[in-house]
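Quick look at what Swiss-Prot lists:
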- Thr10, Gly11, Gly12, Asn128, Arg170, Ser199, Ile250, Gln295: UDP-N-acetyl-alpha-D-glucosamine binding site (BINDING)
Amino acid sequence: MNVLFAGGGTGGHLYPAVAMAGELQKRVPHVKLSFAGTEAGIEAREIPRLGYRLHLLSVRGLKRGRSLGALVDNLGVLADFIGAVRSALAIINSESPDVVVGTGGFVSAPLLLAAQMRGKKTLIQEQNAFPGVTTKLLSLFASEIHLSFEEAKPYIARKKEVYISGNPSRSFSAIDPDQARLRFGLAESLPTLLVFGGSRGARSINNAVLKWLDQITASANLIWQTGSLDYERIKAGVTSSARIWIGPYIENMGEAYAASELVVCRAGASTIAEVTNTAKPSVLVPYPHATGDHQRHNARALAENGAALLIDDEHLQAPESRQLVLDLLHDRTRRSAMSKAALLLAYPDATAALVDRIIRLAKS
């Protein structure tokens, strides 16, 4: 069996593909796996490190807006795309994959298109509640489309071979909450707030938490991943380390989720998958500049089902937002209801389910 994964740029597009590749290796002896990406994406570093073959394409996204500069730049983008499709056709010819799996990012469009032009089986895995342009267009010709949210269905023109499969994400071993808190050097008996904004951090979330710090630590623990860009600034602004674990990056997120009663975070697809799979009530702060405002759609999908609260980035530092977080942190009954709602939205077997479909397509 030969499977080619096309996706990347960010971890949100890459890691679902990596999870599926790992599952395929476990289940299919001698499976041949390769990836396609761009030199500027996270895949250029991660895929060779993981030992997979990587094909690099030159492709970039369209600039939004109607200015002359945007128009001129987009003509260059179109020329790059045509060149990328030619390169993708060469990759398809040389690799001869049984299935091409697209997980999003600029690179998935030329690879999926080239595969469809060559009559190859294609599977699209869409992570967000608001599908991207590539998914909307190429889903018309894909063998199968797999969505992570029921809310994404209305944006897909076709109705056959469309599945809700969830988003592949990291799996975490069961850990005792008290033991997990001890590993962060925190009191076992206090409710714990987990805050993070990705590996690089989220400045608006960090600024808000810095402002709320005294009120949080008066009656709760705090596990705070600041991100690499903000760590030194935030660390300098924290006058007491009592009841706080603070760091640029959390090595073991399973322990962090186990230790916490409530999570404050962005609403990227991978994060959504993790908070639902771990049944964590959350306060979601969508990144306001995400393409198509897709993080708001993700957050709304949880909020409307009772699994999360949604706070706009611009309102995060308001006193009402701080009080909302503190009240929820100490409201066990409400948190329990949100936890149950989150679990109903979870797809802990997403990776296995998607690999089942890849194997089926390859054999058909």
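Using N, Cα and C of the backbone, Cβ positions are placed for all residues, glycine too.
Locations of recorded Swiss-Prot features on the structure.
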| residue | record | Cβ neighbours (10 Å) |
| --- | --- | --- |
| Thr10 | UDP-N-acetyl-alpha-D-glucosamine binding site | 16 |
| Gly11 | UDP-N-acetyl-alpha-D-glucosamine binding site | 17 |
| Gly12 | UDP-N-acetyl-alpha-D-glucosamine binding site | 25 |
| Asn128 | UDP-N-acetyl-alpha-D-glucosamine binding site | 28 |
| Arg170 | UDP-N-acetyl-alpha-D-glucosamine binding site | 13 |
| Ile250 | UDP-N-acetyl-alpha-D-glucosamine binding site | 18 |
| Gln295 | UDP-N-acetyl-alpha-D-glucosamine binding site | 27 |
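DSSP classifies Gly11 (UDP-N-acetyl-alpha-D-glucosamine binding site) as helix under the three-state reduction.
The secondary structure of Gln295 (UDP-N-acetyl-alpha-D-glucosamine binding site), as reduced to three states from DSSP, is helical.
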